[in-house]
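J.: What follows is a structure written as structure tokens; I'll ask about it next.
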């Protein structure tokens, strides 16, 4: 899998280009952006559709090759058959995990995942990290959070090792077990933990805030709907009901399947997540161009319920031009990718420049939020 980007610059009188101050005049992006060559990458020609660049082995870096070519050309154009000899070139490593972070596989009882802990004495604020319907174990955000001073449990909950094959067999008590295990870990500062979730993982994060207030002290929702979607979930003997879905309204766009229209305009009360019952501070992010569900509608539902109950500490951000996959910034923007359980491509939405702007803001606020609301580390080397 190879991704690439290019940009056109005019060097200064010393023959230098600084991407933080020199605007790109054309290519994969335009304007002044120090990280533009990273987030504007797309799959290089000749590869299959639906590729998404997402770090799987966070213990190794990405290798980025940078070449300086003479003239403003498109190196990927089929009309550009002449081989360009670089004027200069270099390699850069992009790390997801700092040298002073340890990755520890977790196989405690039923729990499966990976714990990321800053090395050294003392304790660190604890965070549980959850992703969505793709299943498996996704670690890149946990590694990045740990590299900024948190002890983070990336928790798998289906389709990984000996866990259930499908989401329907997942019980919410599993996440309670994970939260209690993390909160009592010797590397975690006592007093409760935070939880961050994306998509279905965000729905679980909110349910944890409702049902486990004794341990969940801060909740971050990234692109999670205000109602239970797609697959039902168990909580002991109770089944968490999902909203009605009209699959005849499923549409296919250029980048994959779009689910937004399959959900009703009016949501039944029993399907809405009772966010007003969460005592912990809340931080909620949505992309206005999310094709998975009506994100502005969910933001409005949450806002009304939190306002009416007098919740004292919540933020809701709806980003214009952003899609579903609001991630830590500077990975290539992905408008659609292959979903292994659907067996086809799923559209994620968003336009590259407004989406990356949303990611930068969301990541900054997430770090500030957890630092404010979780117990400060007794000692941190980061």
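Backbone N, Cα and C atoms are what each Cβ position is placed from, and that goes for glycine too.
The active site, charge relay system annotation in TrEMBL covers 199, 290, 324. The domain 'BAAT/Acyl-CoA thioester hydrolase C-terminal' annotation in TrEMBL covers 170-375.
Context for these features, please: burial, neighbours, distances.
T.: Within 10 Å of the C-beta of residue 290 (active site, charge relay system) there are 28 other C-beta atoms, taking all protein chains into account.
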J.: Could you state the whole-number distance in Å separating the C-alpha atoms of residue 290 (active site, charge relay system) and residue 324 (active site, charge relay system)?
T.: 5
J.: Can you name the residues of this chain that are 6 or more positions from residue 324 (active site, charge relay system) yet have a C-beta less than 8 Å from its C-beta?
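T.: Residues satisfying the criterion: 199, 223, 287, 290, 291, 292, 348, 349, 350.
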J.: If you average per-residue pLDDT over the domain 'BAAT/Acyl-CoA thioester hydrolase C-terminal' (170-375), what number do you get?
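T.: Averaging the confidence scores along the domain 'BAAT/Acyl-CoA thioester hydrolase C-terminal' (170-375) gives 93.
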